[in-house]
Amino acid sequence: MRGAENEFYSKPFVVLCWLIAAIGGLMFGYDIGISGGVTSMDDFLIMFFPGVYAKKKHAKENNYCKYADPYVQLFTSSLYLAALCASFIGSKVCSKYGRKMTMLVASIFYLLGVTLNAAANGLVMLILGRILLGVGVGFGNEAVPLFLSEIAPIKIRGAVNILFQLFVTTGILIANVINYVAAEKHPWGWRLALGLAGVPAFMLLVGSFVIPETPTSLIERGHEEKGKLTLQKIRRTKNVEEEYQSILTASRLSQETQSSFSKLMRPSSRPPLVIGIMMQVFQQFTGINAIMFYAPVLFQTVGFGANAALISSVIIGFVNVFSTLVSIKTVDKFGRRALLLEACCQMFLTQVVVGIILAVRLKITGSLGHGEAIGVVILVCLYVMSFAWSWGPLGWLIPSEIFPLEIRTTGFAFAVSANMLCTFVIAQAFLSMLCHMHAFVFFFFAAWIVAMGLFVIFLLPETKGVPIEEMVDRVWKQHWFWKNYMDRDVDADGQKVKELEF
Ligand SMILES: OC[C@H]1O[C@](O)(CO)[C@@H](O)[C@@H]1O
């Protein structure tokens, strides 16, 4: 139940607010999961991509190139391009009007996009719908992870933030199941699959009226009293002075006249900026979306029947959701680095073995035997499992907790857009890569995994349990490499910038 002005929120209401915000993740995940299944439905291909349909009918089962069509790829990837641009506008809305308002705007774009998609009668309408959905993703993915990290109690900040990725994976799974059912409904199954995204979009719309604004955003925008009151309500205690003061200090720093972009370009902003961007670039170059977008297509390509391919991607979807739960349980206990490094080992091994099996077997016999096919699905599950408890959620968590308030929304927009850009590149390129590199595409991603392991070992500090407002002193200034950037800020006259004291 919601409390009156000076009462605390009930525990279930606080948790409900986390869940409502995380619906933004569900929308994102649904959009990710739906495109692969829809593009393997014949009715959909006949209507929008007749050329691809003809190629598919005449191609051999293991032809790596049968889906490599730029327009099919554009259907999947246009969403990410739109999201890439929208996240910067989203960051402005987020700092000027708050996280809650940004989520509301996201839900409106989502609803518009879903309507166009489900009603599409031509390629233009279809792509336009995907672009509107992309704008929703840009706004939603900017606001939701920040909302969750700011509203969460420090001790469980990691776990609360990971609700976003948990809902992303749930959205992907629901989309896979719906694709499986909708594929049987001729000729309108694809409309059902695309249109059902309206359900979470509507829930987010209603929910964004229910949740409170984060105390940080309220204080940052000058509503200090209201911010303190909200902090007391969500922490369910009057005793919030310490946290309130640290947000207030951070907010006063952010009131300096320099634009947040100039502040982001200062040397002292470099550590979070580089890490925020690289976490997202690496998350995508694990190759996860090669699996997520194209699992049914990929499995058909290596010789699974259409049904077996869809079922395998549903199995992968379950593994993805349940392994994300592992991360919720462990991230605030074992820390971020341990999860990331373990996953690098597991992902590297599974990618290499899948690559070897496909390279050897498809060359010799042209398709996989029954046992080998099951083996490949198991290996892909092991790969997805480790991604899901590491780079998946931490790609969002770490960027949302490392930026000081004064550059938080702008810095986070760079991280979101890096994710969108790389997702776009992989969505656009993967089928062509598969067509040209064949099974070697798995070795390409394995090489990236080595690079990201080294990055974690040398450049990624542990942020578990550190209050967001204390990252500078407790993390960056203590790190062997990043500390070199912390004392080098100069103002326009070349004078060293002094830290403000309160
Ligand atoms: O669970 C996998 C999904 O998670 C993401 O990396 C987002 O965090 C998506 O790009 C991917 O499809």
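Cβ from N, Cα, C; glycine included.
Per TrEMBL, the feature transmembrane segment maps to 12-30 (among others).
Summarising the annotation, TrEMBL assigns domain 'Major facilitator superfamily (MFS) profile' to 17-464.
Per TrEMBL, the feature transmembrane segment maps to 71-89 (among others).
Look at TrEMBL and you will find 101-120 (among others) tagged as transmembrane segment. Residues of the same chain lying 6 or more positions beyond the ends of the transmembrane segment (101-120) and with a Cβ under 8 Å from any Cβ of it are 21, 24, 27, 48, 86, 90, 93-94, 126, 128-140, 142-144, 147, 191-192, 194-195, 197-198, 200-202, 204-205, 207-209, 211.
The transmembrane segment annotation in TrEMBL covers 160-182 (among others).
The feature transmembrane segment is assigned by TrEMBL to 188-211 (among others).
Long-range contacts of the transmembrane segment (273-295) within the same chain, counting only residues at least 6 positions beyond its ends with a Cβ under 8 Å from a Cβ of the stretch, are 32-33, 35-36, 67, 76, 172, 264, 309, 312-313, 316, 347, 351, 380, 383-384, 387, 391-392, 394-395, 398-399, 402-403, 411-412, 414-416, 418-419, 422-423, 425-427, 430-431, 434, 441-442, 444-445, 448-449, 451-452, 455, 459-460. According to TrEMBL, the feature transmembrane segment maps to 273-295 (among others).
Non-local neighbours of the transmembrane segment (301-326) in the same chain are 33, 36-37, 40, 61-64, 66-67, 162, 165-166, 169-170, 172-173, 176-177, 179-180, 183, 291, 295, 358, 362, 366-368, 373, 376-377, 380-381, 384-389, 392-393, 434; each lies 6+ residues outside the stretch with a CB under 8 Å from one of its CB atoms. Per TrEMBL, transmembrane segment is recorded for 301-326 (among others).
Residues or ranges marked as transmembrane segment by TrEMBL: 338-362 (among others).
The transmembrane segment annotation in TrEMBL covers 374-398 (among others).
For 410-431 (among others), the entry in TrEMBL reads transmembrane segment.
Residues or ranges marked as transmembrane segment in TrEMBL: 437-460 (among others). Distant neighbours of the transmembrane segment (437-460): 64, 274-275, 278, 282, 285-287, 290, 336-337, 340-341, 344-345, 347-348, 351-352, 354-359, 362, 391, 398, 430, 481-482; these residues of the same chain sit at least 6 beyond its ends, with a Cβ under 8 Å from one of its Cβ atoms.
Beyond its flanks by at least six residues, the transmembrane segment (12-30) meets 1-2, 103, 106-107, 110, 136-137, 140-141, 143-144, 147-148, 151-152, 160, 163-175, 196-197, 200-201, 203-204, 207-208, 210-212, 234, 236 of its own chain at Cβ-Cβ distances under 8 Å. A contact links the transmembrane segment (374-398) to the transmembrane segment (160-182), because at least 3 Cβ pairs that are 6 or more residues apart lie under 8 A.
Just going by CB pairs under 8 A, the stretch in 188-211, 338-362, 410-431 that sits most against the transmembrane segment (71-89) is 410-431.
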